[in-house]
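Per TrEMBL, these features apply:
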- A:Asp27, A:Asp73, A:Asp209: Mg(2+) 3 binding site (BINDING)
- A:Thr43, A:Asp44, A:Asp121: Mg(2+) 1 binding site (BINDING)
- A:Asp44, A:Asp73: Mg(2+) 2 binding site (BINDING)
- A:Gly120, A:Asp121, A:Arg144, A:Ser211: ATP binding site (BINDING)
- A:Asp212: Mg(2+) 5 binding site (BINDING)
- A:26-137: domain 'PurM-like N-terminal' (DOMAIN)
- A:167-293: domain 'PurM-like C-terminal' (DOMAIN)
There are 2 protein chains.
Amino acid sequence: MTEKEWLKYLKKYLIENSCVIKSKNEDCAVIKLSKNKYLLFTTDALVEKIHFHFSYTSFFDLGVKLATSNLSDIAAMGGEPKWALLTLGSPKPIDPSWINPFMKALTSTLKKFETHLVGGDTVKSPFFFVNLVLIGETKNPILRKGAQPEEYIFVSRPLGESSAFLRLIQKKSLKDIPESVRQAHLRPEPEILLGKELSKQKLATSMIDISDGLLLDLWRICEESKVGAELWEDKIPVSNFATLEDALSGGEDYALLFTVKERDLKKLEKIAKKINRNLFKVGKIIKEKSLYLIKGTKKLKVKPKGFDHFKN
Amino acid sequence: MTEKEWLKYLKKYLIENSCVIKSKNEDCAVIKLSKNKYLLFTTDALVEKIHFHFSYTSFFDLGVKLATSNLSDIAAMGGEPKWALLTLGSPKPIDPSWINPFMKALTSTLKKFETHLVGGDTVKSPFFFVNLVLIGETKNPILRKGAQPEEYIFVSRPLGESSAFLRLIQKKSLKDIPESVRQAHLRPEPEILLGKELSKQKLATSMIDISDGLLLDLWRICEESKVGAELWEDKIPVSNFATLEDALSGGEDYALLFTVKERDLKKLEKIAKKINRNLFKVGKIIKEKSLYLIKGTKKLKVKPKGFDHFKN
């Protein structure tokens, strides 16, 4: 099965009812606790040689990345992360030399967002893997399905640098890769603050985090919302050292991708000022269920190409 | 580090405060949502060649076992399991021939206890591993720390059969092992019903599930409660095909081990009748912080020997 086929298959085992608002096609499961209180529930695993290599990833980096990949899923629903469980699978005996930097990075990244580790499980394993679970809360979960034609598409930061790292590390040693590119891939930051503001002020009509590439993640919003989109090539913020291809189809940017109504653009500007960030308007939602790239006067139909964890 | 050293180390990274009632030395993390509502939060992973071998474990067995090992942690706190997340790490492409029996076993075991899968993560991995997370709820979490001298110690079923399986499978083929022994190890059942009753009626003063052996798990209660215990050898329910050694130090029985005040013994009998089960009174809590095995008139001081996941 491809990743897409698997997600389709999985659906028949997932429940959605009056209590479980969302379990399918979302960044987190959404559970309604009371009228204004939703529990967000997500998990993300990182496996040695599949998601990272110790040749360029330190244990500190791994801790940051594990926390961020999970925090980013909470951010993508406009949630506040609260509690975490860690599963650690290790082939080598647990030793301060590597467990200290890992645990420090993990817990300090969580604490930045007032999130606390509350337990977990540790197992022997023939290879190294780490799995984090996060519980978050929100009054207003932002789903993928709310985008409507004529709304604007925003991304929260320049794209492609994390993907550029994976290209560069094939040819260069770690120290020869520019600092910003290393940081983007090895020490990414989740957009918790922005996600919370967008949820509180009910500005984003749909949202996702870019973990598998702009085109693919935008298409996920389109599919859930039953719409299409056009992207304006010259407005896409391509990171230094990244190519347009990196920005369109590279993974692990952990930027937020969201849609906003025209009448809310002013309010969005205020949020950007408040959190001292640039937000990038990169396109528009359209009725036709297709994806277009606008290049000056040219309009190119594009495929939602991105990272397939089972294929790559 | 041994498992004990690791758990001690881990503590400094875990938080306990007015909201997180318990994160250390418990079967689940306990989070207080409101005066009478506690969230239970637990995770358990199973790794190929460490926790199971496909030579004798079917994918259906694996699904049952993954669900049970997690459900049992919720049972041990007197909780009601509610929602689950699955992480699946697989070296082979996902294929109906193995994913069907696995998912069916997992979700049907969960559903027996009105628990639903709401999401998860799937990753490529050099080895097969599965990780489940469970959220449960309870009005009255039963912790390990409440045991007091003179209270009676109970176990909820005959012990040692799961451990006996691991001895027998070294010498015999699967089909030559008695059905009950196979079931005990490959299709264990969690004590959700009993745990819930003990919590509702506030009968158990402390509780744990026996996953690493009676002696070791009893000692965990003793340590948390700052007491000791004596076990009556002739009262310990040793399973058919199991040895006393299996019953005392074998793992993965998933029986409940709990303590009850003398004045509550009558009420406990009623519960046993209500759920149509035998409960076994196997000893007594004592003041002295030691573990004794009473053998007729002999009183033997014993060590809390059991299964250490890092050593074995």
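For all residues, glycine too, the Cβ spot is worked out from N, Cα and C.
In this set, none of the binding-site residues among A:Asp27, A:Arg144, A:Asp209 has a C-beta falling under 8 Å from a C-beta of chain B. Among the binding-site residues A:Gly120, A:Asp121, A:Arg144, A:Asp212, the ones whose Cα sits within 10 Å of the Cα of A:Asp27 (Mg(2+) 3 binding site) are A:Arg144. For the pair A:Thr43 (Mg(2+) 1 binding site) and A:Gly120 (ATP binding site), the C-alpha distance works out to 12 angstrom. Neighbour density at the Cβ, taken as the number of other Cβ atoms within 10 Å, is lowest among the binding-site residues A:Asp44, A:Asp73, A:Asp121, A:Asp209 for A:Asp121.
Each of the binding-site residues A:Thr43, A:Ser211 was ranked by the number of other C-beta atoms within 10 Å, and first place falls to A:Thr43. Of all the Cβ atoms in the protein chains shown, 25 others lie within 10 Å of the Cβ of A:Gly120 (ATP binding site). Apart from the site residues A:Asp27, A:Asp73, A:Asp209, the chain places the Cβ of A:Cys28, A:Thr42, A:Ser72, A:Ile74, A:Ala75, A:Ala76, A:Met77, A:Ile208, A:Ser211 no farther than 8 Å from the centroid of the site's Cβ atoms, the recorded Mg(2+) 3 location. Ranking the binding-site residues A:Asp27, A:Asp212 by other CB atoms within 10 A of the CB puts A:Asp212 at the bottom. Geometry remark: A:Gly120 (ATP binding site) versus A:Asp73 (Mg(2+) 3 binding site), CA distance 19 Å.
The Cβ of A:Arg144 (ATP binding site) has A:Asn25, A:Glu26, A:Asp27, A:Ser206, A:Met207, A:Ile208, A:Arg220, A:Ile221, A:Glu224, A:Ser225 as same-chain neighbours under 8 Å, each 6 or more residues away in sequence.
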